[in-house]
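I have placed the structure first, in the form of structure tokens, so that the comments after it can refer back to it.
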Amino acid sequence: MAPIKVGINGFGRIGRIVFRNAAQSCEVEVVAVNDPFIEPEYAAYMLKYDSTHGQFNGDIQTVEDGLVVNSRNVKFYNKRNPEEIPWAETGAEYIVESTGVFTTTEKAKAHLKGGAKKVIISAPSADAPMFVMGVNHKSYTTDLEVISNASCTTNCLAPLAKVINDEFTIIEGLMTTIHSYTATQKTVDGPSAKDWRGGRTAAQNIIPSSTGAAKAVGKVIPALNGKLTGMAMRVPTANVSVVDLTCRIEKSATYDEIKKAIKIAAGNELQGILSYTEDEIVSTDLIGNNHSSIFDAKAGISLNDNFVKLVAWYDNEWAYSRRVIDLISYIAGKDGSK
């Protein structure tokens, strides 16, 4: 069966990691990339060398109009506006919108003018339906033209929250993500008018920040709407983050019973999405881990049988990008494109 033809708009951090994940997949093929700020030679360099994930495992060459990656042609465009990108030239039907700019349905829909069939926003969206693999992906309907893969933190929290709510019913909860720094932060102190603390140097500080990830869980699990909220602590690590979910549960359960429920789910309906470990891991051990959520059984604690703190890790770059590929593969199957 022919692979699903994919285009990527925005060859930044997530765009490149999505490309790397696609290169490992037999179901999808990236046939076109658009980025107005870089040329093919520089794109090839950034794809080949990565300070966090190492060198690209494959062959990359540049040609006049793009790249040749593992003997496959990848057309490169430099258009600023989505409606100007001629996706139809390469047959790209599913577009990963990873600029971080066109995150509303109206803005992302502009890709359809160039021949795209569907758009997957690799960020939370104010109005596009959000899907988290393993949680609510089956609610996708083929009439949707623009969807969101939610955020990396929502992809970690939602599977864990789903298991706890399904088995024990969450009354309310608070989440903190201890999150590696990202491209929006500063290498040295600089101006950040809307978030003064966010303008401080990323490599020297623990920076309290806001996140909509916990509230977004209520959009993918309606039963939890209004029951979760959270915050972020941006920390001086380059990759891998960890979620701390502290919640009250209706059905009394010991910590061992909670661990057992998560372990069962990780080996069954959430296999490949949720992982369970009792190893003495630290963040760098999980660079390149494909799971959306890695439950750390030894890191959690409970105060009593109705109040518990749960800890789950995630590679906020790699695992999230892998879910983008998984989501494309799933919706293409529903659309009849594979």
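Including glycine, each Cβ sits where the backbone N, Cα and C put it.
The active site, nucleophile annotation in Swiss-Prot covers Cys152, and the record cites sequence analysis as its basis. Under 8 Å, Cβ to Cβ, and six or more positions away along its own chain, Cys152 (active site, nucleophile) finds Ser241, Tyr314, Asn316, Glu317, Ala319, Tyr320.
Positions annotated as NAD(+) binding site by Swiss-Prot: Arg13, Ile14, Asp35, Arg80, Asn316. Reduced to three states, the DSSP call for Ile14 (NAD(+) binding site) is helix.
DSSP assigns Cys152 (active site, nucleophile) to a helix in the three-state reduction. Under the heading D-glyceraldehyde 3-phosphate binding site, Swiss-Prot lists Ser151, Cys152, Thr153, Thr182, Thr211, Gly212, Arg234.
Annotation comment: Swiss-Prot describes His179 as site 'Activates thiol group during catalysis', evidence class similarity to another entry. Secondary structure at His179 (site 'Activates thiol group during catalysis'), as computed by DSSP, is strand. Within the same chain, the residues at least 6 positions away from His179 (site 'Activates thiol group during catalysis') whose Cβ sits under 8 Å from its Cβ are Thr153, Ser209, Thr211, Ala232, Met233, Arg234, Val235, Ser241, Asn316, listed in sequence order.
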Run through the Cβ atoms and count how many others sit within 10 Å of the one on Gly212 (D-glyceraldehyde 3-phosphate binding site).
17
Minimum Cβ neighbour count within 10 Å among the binding-site residues Arg13, Arg234: which residue?
Arg13
Minimum Cα separation from Arg13 (NAD(+) binding site), reported as the residue among binding-site residues Ser151, Thr182, Gly212 that achieves it:
Thr182
Cα separation, Ile14 (NAD(+) binding site) to Gly212 (D-glyceraldehyde 3-phosphate binding site) (Å, whole number):
19
Could you give the maximum C-alpha to C-alpha distance in Å for the residues Ser151, Cys152, Thr153, Thr182, Thr211, Gly212, Arg234 that bind D-glyceraldehyde 3-phosphate per the record?
16
How big is the gap, in Å, between the Cα of Ile14 (NAD(+) binding site) and that of Thr182 (D-glyceraldehyde 3-phosphate binding site), rounded to a whole number?
11
Packing count at Ser151 (D-glyceraldehyde 3-phosphate binding site) (other Cβ atoms within 10 Å of its Cβ):
23
